[in-house]
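Per Swiss-Prot, the features are:
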- 13-61: domain 'F-box' (DOMAIN)
- 75-100: repeat 'LRR 1' (REPEAT)
- 101-126: repeat 'LRR 2' (REPEAT)
- 127-152: repeat 'LRR 3' (REPEAT)
- 154-177: repeat 'LRR 4' (REPEAT)
- 178-203: repeat 'LRR 5' (REPEAT)
- 226-250: repeat 'LRR 6' (REPEAT)
- 252-278: repeat 'LRR 7' (REPEAT)
- 279-304: repeat 'LRR 8' (REPEAT)
- 305-330: repeat 'LRR 9' (REPEAT)
- 331-356: repeat 'LRR 10' (REPEAT)
Amino acid sequence: MEDVSESDNNVETSIIHLPDDCLSFIFQRLDSVADHDSFGLTCHRWLNIQNISRRSLQFQCSFSVLNPSSLSQTNPDVSSHHLHRLLTRFQWLEHLSLSGCTVLNDSSLDSLRYPGARLHTLYLDCCFGISDDGISTIASFCPNLSVVSLYRCNISDIGLETLARASLSLKCVNLSYCPLVSDFGIKALSQACLQLESVKISNCKSITGVGFSGCSPTLGYVDADSCQLEPKGITGIISGGGIEFLNISGVSCYIRKDGLVPIGSGIASKLRILNLRMCRTVGDESIEAIAKGCPLLQEWNLALCHEVKISGWEAVGKWCRNLKKLHVNRCRNLCDQGLLALRCGCMNLQILYMNGNARLTPTAIEMFRLHRADITLRTEEMMVIGPDWRLYAQE
C-alpha cells in the first residue's frame, strides 16, 4: 500500500485563496466605511474587487446620507479632477450624489461616461454651476436614470426636455427652486416619461400646472408647494387619475373658493394625503367636493384655511370616514359648531392638530376631549406631511 504523508493531504487555504465572487460577497456585507477602506488596502486584487463592487457614492458635503458606507472620506470641495479620478475608479456605480458640490460645472459631468448606463440615481442638489449643457451631458451618458434631483440647479425647459427624451425610465424627479422651468418643461417631462411616479416642483414660480395635462396614470405624488397654480393646472396635475399624494400648500391667489372642486370630481379618488396648508382663499365649495369625492383620504392639512366655515367642517365630519390625521391649526373660522361636526363624524380620526383657533371656546375643546377620547389632540403645527418624494416610489 502506498504511503501517503500527512503533508500531502494538508492543502494550505486562507481567505486570500477565495474566488472573486466570494470576496465580492464578503465586501458587500461590510457595514462601516473603515472596513471598506481596509478591504481595498489589503492587496491590488482586493482593491479591484472593492472598485467593481461599489454601487453608491456620495460626499461629506451631501445634504442627506443615502447610505453611510457610500460616503467618500474627502474634503467638501469636490473638484472636476477629483470627480474624474473617482468615477474612473468606481465604474459600476448605480447611485451617485453630488449634492453640495458647488464648485462643479457643466464640463465636470463629462466623467459620467464611466458609470454611464449603469447609473440609476443622480443627485445634483445645489450644484449651482450645472446648467442645460450639463444636463445634456447627463442625457447622453446616463439613459437609464430613474431618480434625478436638480434642486436649485440652473436648468431650463430646454435642459429638462433633453433629459426627459433621453431618460424614458424616469420615475422620481425633483425640480424644486428651479425658476427657469415652466409648464413647457413639465409638459415634455410628463409626456415623454410614462413611468413617472413622483415630481417635486416646490417654489417653481413659472409653473401653473397645465403642463401635467394628460400625464401618465403612474403619477401618484406631486409636491407643488408655493407654486403659481391655476384652476386648470390643478386639473392637469390630477388628470392621470393615479394621484395619491398632493401638496399644493401656499397656492396662489388665482385659486378661489371653488377653485379646488375638480379634485373632488372623481378623478382623484385614490388621493390619500392632501396638503392645503395656507390655502387661505379656498372655501366650503371645494372642501365639500373633496370630502365627498376622495373617500380614501387619510391625512388632510387645512391649517390656515381661513375661508373654511361651518358647512365645510360639516362635510369633513360627514364624508371623511377614513381620515386618520386632520390639521386645523389657526383656522379663523373653525368655531364650536364646526368642532362639534368633527367630533360627531370622522369616526376613524386618530390625531387632530389644533392650536390658535380664536373662535373655539375652552368648553367646546373640553367636550371634544370627553366625547372623543380615541383622538389625540396635538398643538404643534406640521409644515410637511406624508412621505418623502424619494421614498414614494419604493412604497
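Cβ from N, Cα, C; glycine included.
If one looks beyond the repeat 'LRR 8' (279-304) by at least 6 residues along the same chain, the residues whose Cβ comes under 8 Å of a Cβ in the stretch are 248-251, 253, 255-261, 263-266, 268-273, 311-312, 315-316, 318-331, 353, 381-382, 385-386.
Packing against the repeat 'LRR 3' (127-152) from elsewhere in the chain are residues 98-99, 101-106, 108-110, 112-113, 115-121, 158-160, 162-163, 165-178, 195, 390, 393: each is 6 or more residues past its ends and has a CB under 8 Å from a CB in it. Beyond the repeat 'LRR 2' (101-126), the same-chain residues lying 6 or more positions past its ends with a Cβ under 8 Å from any Cβ of the stretch are 58-59, 61-63, 66, 77-80, 83-84, 87-88, 90-95, 133-134, 137-138, 141-153, 174. Per-residue confidence over the repeat 'LRR 7' (252-278) averages out at a pLDDT of 92.
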